[in-house]
Structure formats: structure tokens, C-alpha cells
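This report concerns only the one structure given below.
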Amino acid sequence: MSVMVVRKKVTRKWEKLPGRNTFCCDGRVMMARQKGIFYLTLFLILGTCTLFFAFECRYLAVQLSPAIPVFAAMLFLFSMATLLRTSFSDPGVIPRALPDEAAFIEMEIEATNGAVPQGQRPPPRIKNFQINNQIVKLKYCYTCKIFRPPRASHCSICDNCVERFDHHCPWVGNCVGKRNYRYFYLFILSLSLLTIYVFAFNIVYVALKSLKIGFLETLKETPGTVLEVLICFFTLWSVVGLTGFHTFLVALNQTTNEDIKGSWTGKNRVQNPYSHGNIVKNCCEVLCGPLPPSVLDRRGILPLEESGSRPPSTQETSSSLLPQSPASTEHMNSNEMAEDTSIPEEMPPPEPPEPPQEASEAEK
């Protein structure tokens, strides 16, 4: 018995999503289009750690302790895992309104604001929302055709509205929002510890070697160590400073976007409605709270009307389950297969019987 299975091309939702994101692995990986600085981040981390494991760790494990490369490997793996999780995950993109939803929202806005006289500027599209006895304004996004949720903002680089938008980070090649902020914070924290660790033990390595062969001779024999020290020295200040800044924001339950705009620290001195007034509670909510699922449904299947593909024919959707012997299967050509699977044509109507012939002349 032979079975013919015809597979149809499936259109996933990530193939039709608007915005400026790129997708890999059938929609499982989501990043921004500008990935050059992200590759630079990978190169610096991988290159520095490779040199450290190849030269300094081997010497320090013998001279001091074998635990030195073990802790370095743990920090390196944790940093890479959090970096990739931050870069490849959905930061919290909010889907755009469908045409029917956008039309309904426009009708609501027109009914609320009324007719605007010609030549006058229409009023701002804002809704008031109450959080912890405080009024928060929900702004309308003209690109996504939605009223953005609280703390959401539209990223001009990725062209998407992101929930609890913090900032767009080119070093990780993605936006930082509600769904990947904790991984971003853990990445910069672990990277700070890794940078300090590698920098400190490079200094120890140079000091131990200098006691035996001298300082200048050590620098000549280990040019890779000099390169590592320079990279770590210039990286240390920015990474550690960034970690301290975000630790301050986490303690206040505040985002970078809110801090830049002065939403809760400006002249009005409006109290942050999202802060619990306790550092421990704020840290637990930001870093340990439940992770919301992605609302994009990137790997969902689009119906044929939306995917733009033609409907399958009868021959494409049907399968042949006719029992055949091996010999007949080998000698059957494509025309015979088509005849077997095609729909039989209607039989023509029977012809009327011919009238009886006239009697011969002899009978007459």
C-alpha cells in the first residue's frame, strides 16, 4: 500500500507582523534589524574570555587555586545565557489594532470630542486611568491605532509599542521591556562581576609573572593579557555604572523612559503610583514577579484569506490510498496516476435505437 501525502505551505503570523523586527528559527527568535552592535558585544565577551581561559586561567589554576577557572566559567555562562535571552525574546510588543478595532476606536474618539471646526487643532487623544488613587494618562498611538497601556511607549527603532518600555538597547539588539527587563538586569549585573573578575586576575597574573621574569619581560611575553586589561578597564566603568543606575531604578520601580521624561521626579513632584514604598517589594515585583506570556502568537497559523495564498485544489488536498502491488506501482506512469485520482466524467446519454430497416424486394 502506498500513501501520497501532500504538504501545504503554512503561513505563520510572524511573517505578516508589522514593525521593523527580524525573526529567525520559524519565529522563535525575535530581534531588531540593527544587529551590528550586538555582534560587537558577542565578540568582546567571547574574545576576552577565550584569551583569559587559554592563558591566565591555566597558570593561575596551578599557582593559586583550580577554583579560579571554575568561577570564571560560571560567570561567563550565566552572562551569555542572560544576554541571549534578552536579545532573542519578545520584550512585550503590543499587537496593533485590526481594521475593525481601529474604526471602532475612531468612532469613540469622534463621539467623545465632537465635531472639530475647520482650521482648529483637534484635542489630544488621551484617556484618564486611575492607579492607586492617582490619575494616569493613556496616550493614543497613531501608528498602532491603540490607546497604549500604562507605562507603554512606541519604539521608533523597532516601530512597535512595548509594554513597560524601558529603552532600546543596541548592545543587546532588542528593546528592553516588561518581558525581558529582568534578564537584561541580570546580564549587566553578571557582566559587571565577570569584568571585575577577569580584570583583577589579569593584574594578579602580571604581578606573579613579574616576580620571576620582570615586568617589561612579562608584557612582552603576554600581549594577550595587555589587550584583556585594556578592554576590561574601559568596559568596567560603563558596565558597572549602568548596573548601579538600573539598581537605583529597580529599587524605585521606575523605568529609564520615565526617569528621562521626569514623570515622577519633575517639577510637579507627582508620586510614583507603581512604587510600593519599599525597596524589597519593588525589587521582588520587577525581578521576581510572574512573567507575562507573549501576546503576539508569532507561530500561530494565518487563515488562507489573510495569508494571501491560493486555496488548494482537490488533487492537492486528497491523498491516494489505493492498494497496489509492487509491480503495478513500478510500471504506472504519471498519466495513469492522474486517471486514477481524477473525478470520473459523466456518461453521455444513450443514443436512440435505429428504426427497423425496410423489407427486402424479395419479400415484397
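Glycine too: its Cβ is placed from the backbone N, Cα and C atoms.
Owing to the predicted nature of the structure, the values given are computational and were not obtained by experimental measurement.
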Membrane-side pairing of Ile157 with Tyr274, Swiss-Prot annotation: yes
Counts by DSSP class (helix H/G/I, strand E/B, coil) across the domain 'DHHC' (139-189): 9 helix, 17 strand, 25 coil
Cβ packing number for Cys169 (active site, S-palmitoyl cysteine intermediate), 10 Å threshold: 23
For the transmembrane segment (229-249), sequence-distant contacts whose Cβ falls under 8 Å of one of its Cβ atoms, 6 or more beyond its ends: 44, 48, 184-185, 188-189, 191-192, 195-196, 198-199, 202-203, 206, 255-256, 259
Cβ-Cβ under 8 Å with the transmembrane segment (36-56): same-chain residues at least 6 beyond its ends: 69, 72-73, 76, 79-80, 83, 87, 170-173, 191, 194, 198, 201-202, 205, 222, 224-225, 227-228, 231-232, 235
